[in-house]
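K.L.:
Structure in structure tokens, see below.
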Amino acid sequence: MALLAPYTIANAHPLLVQPGLRCICFFYSCKLLDLAFTKADPPPTRLIRKDKGGELEAASMETWNDATTYVWLMFAEMRYHSFDTAVEQRGRPGLVSLAERRRQQAWTFGIPTLLIILVCLLPTAETKIASLLAAIQLIFQLLHTLLHPSCPHPLFYMPFAAASMSDFWTIHWHASAPFLRTLAYSPTRKVTGSRAAGMMAAFCLSGIWHAWCAAPLAIKPWLLAFNVWAYFMGFGIVILAERWLWGTQQGGMIQRLCVWAYAIGVGGYMWRILECNCKLDWVRTTHCT
């Protein structure tokens, strides 16, 4: 039913309402499916430390406040860090020095800020898509900080420092949609026995999600939606290609250039499609052919 909500206000301003509403509705529809089919038996246990520095223990569920806190955290936490079903993001360092923390902050916030300045000086499709990526990072990081001010797990980890496409999605980006694994990757891998097929299924579901969100922006919604979906499927193909080409020698300079050239270059192509078909006059350009 949640997926039908955007269609009840189909005539609303597409940029301000439709994409955001679709993103939220799709996310929580999948989140509820994930909770209902993969985490319902037994239900997740909320964990707390009753003493500072003590061991994690099961939280009480005796009072109304206990129950509402449980529901809120289950609803608000993307990776369930307060529960025994917490989804850890591999590859990220634990405790780091002050110098390393400052380096991380420079990569996390400095590069996006520079990209936003760059798009003002050089407004090409490629700089615009890179700035959009940076804006998404900053907005989601702000929302995460507001919802979870004391969370020790940063939402992003230097996305623009990713050395490979695989590292970008598994380590550096937010990865706050674990249902992509439980609803797409794991079932597909179980049926096919192939990790590659499971990964492509996860990117397929993610592509459907992003395509459905982007479609209301375009005069030709199916054209934009298909290209967005294909863009995400391309990420999966790039990951398979880089594993085949570089094997265990991941992260070299040539590989970095190749994967970022795909991400920004094809992303720029996607932006041109949006500019030529956007419903908003201030986005749509007049030199499209």
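Glycine is treated like the rest: Cβ placed from N, Cα and C.
The annotation transmembrane segment is assigned in TrEMBL to 106-124, 130-148, 195-215, 222-241, 253-274. Summarising the annotation, TrEMBL assigns domain 'Wax synthase' to 154-220.
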K.L.:
To what whole number does the mean pLDDT across the domain 'Wax synthase' (154-220) round?
P.N.:
90
K.L.:
Within the domain 'Wax synthase' (154-220), count helix residues (DSSP H, G, I), strand residues (E, B) and coil residues, in that order.
P.N.:
48 helix, 1 strand, 18 coil
K.L.:
Grab the same-chain neighbours of the transmembrane segment (130-148) for me: Cβ-Cβ under 8 Å, and only residues 6 or more beyond its ends, written as numbers and ranges.
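P.N.:
Apart from its flanks, the transmembrane segment (130-148) reaches 76-77, 108-109, 111-113, 115-116, 118-119, 154-156, 159-160, 174, 176, 264, 267, 271.
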